[in-house]
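Lifted from TrEMBL, the feature list:
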type: TRANSMEM; residues: 42-68; note: transmembrane segment
type: TRANSMEM; residues: 135-154; note: transmembrane segment
type: TRANSMEM; residues: 166-185; note: transmembrane segment
type: TRANSMEM; residues: 205-226; note: transmembrane segment
type: TRANSMEM; residues: 238-260; note: transmembrane segment
type: TRANSMEM; residues: 280-301; note: transmembrane segment
type: TRANSMEM; residues: 308-329; note: transmembrane segment
type: TRANSMEM; residues: 335-353; note: transmembrane segment
Amino acid sequence: MAQAQEIQLQIRGIPDTESVHDDGPKQQADTRWLTTRGGFRWWAMVVVDMLMVLCGTTVATLLGRLYYNSGGNCKWMATLTQSGGAPLLLIPLLTAPPPTPEEHRPAASRMLPIYAGIGVLIGFDNLMYSYALQYLPVSTFSLVAATQLGFNAVTSRFLNAQRFTALIANSVAVLTFSAALLGVGGSSDDSSSSTVPHGKYAAGFALVLAASALFALIMSLFEVTFEKAIRARTLRWVLAMQMNTNLVASAVSVAGLMASGEWRKVPAEMAAFRDGKARYVMTLVGTAVAWQAAAVGVVRLIARVSSLFANVTATLALPLVPVFAVVLFGDRMTGIKVVAMLMAVWGFLSYVYQHYLDGRRAGKAECRVCAARAGSDAVLPA
C-alpha cells in the first residue's frame, strides 16, 4: 500500500516525503530551486512562469503575423526568429547558481544526442508554424493551435505516465471538436484579409495541426529528459536545455535559409518592408525575444510541474490572440470562431479543474504520510 502511494505521488510530480528524508543533501540540492511544492513561494514562481508563457506567446504570434502583413515572405527567416534568440539565454545561464558537488551531472556524450534530436524536431516544428501562420488568419491559427493541449494529453499519458481521467478526456474531445469546427466551416475565412494567400486554408490547417502534435511530443520529451537523463530540475539545467536545443534548431533554420536560396531575397525584402528597414529589424528581433521568453517559461513549467500543465498555460493565450488580431489586423470574428473559442476555453477549464483535484488529493496524501511518520516517531524509544 505504501509503495503504491509513493508511485502515485511520483506520477503527479510530488516528491515523496520519505524519499526526501532518505536522499538527504542530494535531494535538497536537486530541488533547491523548486522550493516546496504547493507553497506560497512555489505558486508565486509558477505564476511568473505562466505570465512569461502567456505574454511571450501572444506577442510573438502577433509580431509573426505583422511580419507577413508588412511585406515579409521569407519562411526560413520567420522560422529562425522562433529559435534565434537562444544566445540571449547565455546571460542568465552565466549568472545562475553553480552546481553543487552532490548534483547529478549526466555525461556530455549522453546529452549531445538529446540536444541534437530535440533541436532538429524544434526546427521543423517552427517551419510548419511559419507556413501555417502565413496561410491562416492569426485568429484561426491561434484557435487551431490550441489542439496541442489534446495532443499533449496523449503524449503525456504514454511518455510521462500522466493519468488520463474523464475530465482530461473531455478536454481532449472538446478541443478536437473545436478544431474540426474551424476546419469544416471556416474555409471561407481565407478571404477575410488581403494578406492571407487564397486557397491555402486547407494546407495551413493541416500544417498547424501537425505542428501542434509535434510540439506536444517535444514538450513530453523535455519532461522525459529531466526525469531520466538530467535528474535535476535546477534553473541552470532549464536554461541549458532551452539554449542548446534552440541553438540546434537555429542551425537547422540557417541551413534551410541557405539551401533554399531565400537569403538572397532578404535585402530586397528589408528594403520593401512597410515603414522601412528599422521596423523590419525590430519586428524580427522582437519576435525572437518574445519566443525565447515564452519558451523559457514553458521549460520552467515543465521542470516545475509537468509538460501538460505547461501546455495548458500556453492555451491560456487562446482568448487573447484572436481579440488582438481583430483589433490590429482586421480579422473577422465570425460566429464559428466564437463557438470554437468557447469550446476551447471549456476544454481548458476541464483540465484546470482536473489539476485542482489532483493537487487536493496529493496534498491530503502527503499529509497522511507526514502524520503516519509523526505517529511512528512518537512511539520510538528515546
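Glycine is treated like the rest: Cβ placed from N, Cα and C.
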Top Cβ-contact partner of the transmembrane segment (205-226) among 42-68, 135-154, 238-260, 280-301, 308-329 (pairs under 8 Å): 135-154
Remote residues contacting the transmembrane segment (280-301) - C-beta distance under 8 A, at least 6 residues beyond either end: 46, 49-53, 55-57, 59-60, 63-64, 66-67, 70, 72, 77-78, 80-86, 88-89, 219, 222, 235, 238-239, 241-242, 246, 269-270, 273, 309-310, 313-314
